[in-house]
């Protein structure tokens, strides 16, 4: 994402950074920016992109969550007692969520790739890297002394194992939108009304049908009797009179004056 005259943004691979509104908003926002800055080389190397990096409140279910493969990554920055979580731990959770962009389920491939990301992070720690530009130092980072103890033993530091703390799982899962199921198109209400209207049925007068068919038996479609019956019915329909008049066989208009078109 191209940003013009935006020196405050720490990571061009992340579109937006949002902290919870309240008394700790500025501190949380700065914390998230430090996380984003630290992850920039790794995200650039592996082609990761995140639309929005958001802070979420403490909960007993997860420390981080990935929505729709990087559309939004949520991180918990404070524990149940409102204490700030160590930078290493939050960074490790962020790598975990970034890995979900590449692989959804927690399988062997996922943890193998996560180990690669963690190794890259350890290499950055060894170089003293903290971020690009003004984020290269923590002189202006208010929480530096609170969250910046590298290799914190009590929180397991950076390891190649799945991290947990206070019995809370690291990840809340990789969540994706459900695909919309296309339903078969249904007729409009107007068309349905048209289909349900009762029309005038043809051939309801059994006396006329018997006279035309010359037999109560139903004729075959391709039989001579069926063809003659269809011709007789056509002649009857073009008759201007509403009442049926028996045919005058002496009249010039007879079946012999017509032929069947195959």
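Each residue, glycine too, has its Cβ placed from N, Cα and C.
Here Swiss-Prot flags 97 as active site. In this structure, residue 97 (active site) is part of a helix by DSSP.
A sphere of 10 angstroms centred on the C-beta of residue 96 (Zn(2+) binding site) encloses 23 other C-beta atoms. The Zn(2+) binding site annotation in Swiss-Prot covers 96, 100, 106 and is backed by sequence analysis.
For 178-196, the entry in Swiss-Prot reads compositional bias 'Basic residues'.
Per Swiss-Prot, the feature domain 'WLM' maps to 8-195.
The annotation region 'Disordered' is assigned in Swiss-Prot to 178-199.
Here Swiss-Prot flags 235-242 as motif 'SUMO interaction motif (SIM)', drawing on similarity to another entry. This prediction places the mean pLDDT of the motif 'SUMO interaction motif (SIM)' (235-242) at 64.
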- Message: Within a 10 Å radius around the Cβ, which one of these binding-site residues has the most neighbouring Cβ atoms: 100, 106?
- Response: 100
